[in-house]
Amino acid sequence: MISKEAVWIFAEREGERIAPVTLQLITKARAIANQPVAVVLLESLKEHLEDSIAEYGPDEIIVVRDAVFENAADSVFATGLFELIDQYIPNTVLFGATPLGRSVAPRLQAKLQTGLTADCLDLYYEQDLLVQVKPSYGDNVMCEITCPDHRPQMASVRPNTFAAVKVEGATPTIETVTLDISAAKDITITATTPKVSAANSIATASKIVALGRGANDDELVAEARLIATRLGAAVGVSRPLTDRPDFTVEQQIGQSGTTVNPDFILNVGISGSVQYQIGMSNSHLIVSVNRDNQAPIMAQSDYTFTGDAKQFMQALKKAVQV
């Protein structure tokens, strides 16, 4: 039996696997919610992804398996979720702030006439009221947003904002539901081809070399790429370097770019705006190089070097024997 007043998480897929942001949301929901945590999995007849969700410890997995979900338009997922929500009335529905989540969640919000907070950095409950924390006013102020009068409460969270942790011995209840859903009439998706983007590369990288305005030099950029290759690291940038022709916005780290949580990040020539720090604050080991020892990034770093970025990178290149 599907629990009433539960916290629901919309399960997304990346190719043939569950998207990491779904698993991250399960871990966060388990940590903050007093209600049952349920994952809603809308999948095609040939998909069976429950096991990869189960090991992260939700209380329930609600499965709707239907041919209509194969190569489905976003509106079909929204319709399926709406039918479930209308029937079971969850307390909260959480989404990844991904292209699919950003398409499905607003459609639901409009149908349900409830609140939706996008791109949250934190979530917590005050009794059954979900407090949704997100930056505003140029990312200089953290707002705490609530939806006291309507249900479900809805929020989206960017990938890598939280960590995903497996739960040993987890045995969630699996509830299979049948819905009567039609394919989208105005859109036909005939095929999909996975693409590995630069954003995916830095989002999942365990090591990152990040370059900022103080590293906007062709020679220094070339050395950084060589060092990154030697270290097995991805190359990311702060917003100013996205203006260069050899970088894209997909490689931008920060609140308006990609949120990362690598084991190691080397910041070169980055002062550390609030937006940038938000995007990399979950990194495990932070090393920063800057001429200004009072730059904001230095206070957030585990190790710092105050001085010329080009000299530092030349010395590092020799040390790693590029």
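Every residue, even glycine, has its Cβ placed from backbone N, Cα and C.
Remember, TrEMBL labels are computer predictions, not curated facts.
For Arg213, Ser238, Arg239, Gln252, Ile253, Gly254, Gln255, Ser256, Asn290, the entry in TrEMBL reads FAD binding site. According to TrEMBL, the domain 'Electron transfer flavoprotein alpha/beta-subunit N-terminal' annotation covers 7-191.
The structure, with features from TrEMBL marked on it.
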residue : record           : DSSP class
Arg213  : FAD binding site : helix
Arg239  : FAD binding site : helix
Ile253  : FAD binding site : strand
Asn290  : FAD binding site : strand
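The number of other Cβ atoms within 10 Å of the Cβ belonging to Gln255 (FAD binding site), over all protein chains shown, comes to 22. Candidate binding-site residues: Arg213, Arg239. Fewest other C-beta atoms within 10 angstroms, Arg213. The number of other CB atoms found within 10 A of the CB of Ile253 (FAD binding site), across every protein chain shown, is 31. Within the same chain, residues at least 6 positions away in sequence whose Cβ sits under 8 Å from that of Asn290 (FAD binding site) are Gly214, Asn267, Gly269, Ile270, Ser271, Ile297, Met298, Thr304, Phe305, Thr306, Ala309. In this structure the residues listed as binding FAD are Arg213, Ser238, Arg239, Gln252, Ile253, Gly254, Gln255, Ser256, Asn290; their two most distant Cα atoms lie 22 Å apart.
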